[in-house]
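First comes the structure, then the notes that go with it.
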Amino acid sequence: PKFLTRAEREALALKKREEQVAKQREAQKALLEKRKAFIQDAKRAEKERDREREKERKDREREREREREREKDTERDKDRERGRRSRSRDREGRRSRSRERRSRSRERRSRSRERRSRSREKRQDAEKIDRNGEVKDERETDKDLEKLNEAIRQRYLGKFLLSEFWIISGGQREKRKRGRRLHERKFIFDWDAGEDTSNDYNKLYQNRHEVQFFGRGSIAGMDVNAQKKQKSEFYANLMEKRRTKEEKQQEELRLAGVKKKEKKEAFDNRHWTQKSLDQMTERDWRIFREDFNISIKGGRVPKPLRNWEEAGLPSEVFDVIMKIGYKEPTPIQRQAIPIGLQNRDIIGVAETGSGKTAAFLIPLLVWITSIPKFHGNDEQDTGPYAIIMAPTRELAQQIEEETVKFGQLLGIRTVSVIGGASREEQGLKLRLGVEVVIATPGRLLDVLENRYLSLDQCTYVILDEADRMLDMGFEPEVQKVLEYIPVTNLKPDTEDAEKEESIMENFFSKKKYRQTVMFTATMSPAIERLARAYLRRPAVVYIGSIGRPTERVEQIVYMIGEESKRKKLVELISSDAFEPPIIIFVNQKRGADMLAKGLTKLGFQPCVLHGGKGQDAREYSLAALKDGTKDILVATDVAGRGIDIKDVSLVLNYDMAKSIEDYTHRIGRTGNTVKF
């Protein structure tokens, strides 16, 4: 190797540096040229775009101008048409008026002619009297009167007055031409059939020829009906000879099916209560739904329940229903439970106090009891199978009480997640494992965001009092909660997925399709929007008249002033006509507290329930009213929805509700299904 001196190394390094600098300058020059070319291209493109925009603007201006011209032409044509119609109306009016004038003038001329003729006759009569000097004698007058009477008789009684063939005309008899009477016998020249004697001596007439029918064709002038009958018999015998044994068996089965169908469709006038399940016809099911005010919407809706025995429920669920004391299903339960057992989404629209809680609980419990239990510690496996959302804490606690009745006997764990209670304590219960979660939307979203709960295996979603939830502004929270549920178990929006076989096969599995059940009292646009977003081809069940109060409630209105309200209130609750418990509704929290204090001073035992009370105080008020410690509940609209208090005899609206929906839910606290 050759060792370079320091000077040579410096010269070599300098040379390399110069080459690098030259390359960098060339690269910069090329970059500048590219940049200039790009800028020029961009300017050309911008100019081209400006030209295109200008051209489009001019085209739009021309189009607007043409549109304005067309509008002007249209207005001009309309003006011409209006003018033509007005001229036509004026012309027709002038013609009608001229016709009326001509008719009136003709009438005047005719009346004037009549007056002139009458006056002329009077003058002539006067001249005759003056000329003869005497009036007609009485004989001539009687003759004229007789002629007049004779003319009247001939006009109204006919001309046959003296005899059948003669008439009187001017005092002389005239011969009348005689005509043939209609009832006279007309001679008939044909022989009667009984007078024919040829059958006695002619053999040809004795043995008349009869046409033979062979089952084919048609002969003119013959008995077509007999020919068709013999023809059908001929073909039937021919087919009977040609049929094989299998074909004969198929024909016998077909005839048996036809007879069975005819027997089934035969009119049966018995009421549906007197028939067995297999004897029910479509007419009977229509009468059944009318009897219970059930209306349905949506395809392939199953038949409703007639009683618990025909529901086909598992034995353990059926035994629990009997132990709890559900004797007969309510109308909403009769139709909603069969739909829920088919794993279909449901929208139930029913009046308050109609037994909606059991309507969505029973299908849920049937599914939970059918899947195998898992006793692992994985957080995903300890998540709930179902969530039930309610608008208020009281309604959530009431649903929890109803669920616990079933859960204790079926081994199903239930936790309520509501505001006013310790979030950490609720999170601990959730981590220990739970099958059903009952919650309000706000607290449930809080628990999900803090990872106390996982909804990875949740496939059953129930929204109770959904309209109230949306009215209270919980729609964003509900949507966020539903987004935590995985979309892998969403039911496909296809016809195959709606078939009963595929639905039932998927229902009794741990990874079944997500089922969403929504119960509401009104079908508002917000409810329809939520249903379109999260429900797949739901079956809609209407019970009774939508938005109307139950018919079991008697409503009385008192028109009184503000200063007399408290006096009338005390008078009503002091009377013996109504037994406790009694509910009094007001619109403001402060008004509820003041009214309760006033009733306490008068010797009553009221309790208060409104949104400003703590959770413990709210629970105490409801418990005291239910166990009889307190006899009057003063509440705001918080207690207007879903609160189940048995045997409420009187609901007083001390302050009128702000909407008819709130009023309907208020008075629904009495007349409850549980009492009846």
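These residue numbers are counts, starting from 1, taken along the chain as shown.
Backbone N, Cα and C atoms are what each Cβ position is placed from, and that goes for glycine too.
Note: TrEMBL annotation is automatic and uncurated.
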- request: Please find, within the list 219-247, 306-334, 480-508, 538-566, the residue stretch that TrEMBL describes as motif 'Q motif'.
  value: 306-334
Task: Please give the sequence-distant neighbours of the domain 'DEAD-box RNA helicase Q' (306-334): residues at least 6 beyond its ends with Cβ less than 8 Å from one of its Cβ atoms.
output: 272, 277, 288, 292-294, 341, 348, 350, 354-356, 358-359, 362, 365-366, 369-370, 405-406, 409-410, 541, 543-544, 673
- prompt: Of the residues in the domain 'DEAD-box RNA helicase Q' (306-334), how many are helix, strand and coil by DSSP?
  reply: 17 helix, 0 strand, 12 coil
Field: Residues in the domain 'Helicase C-terminal' (552-676) grouped by DSSP into helix, strand and remaining coil
entry: 51 helix, 16 strand, 58 coil
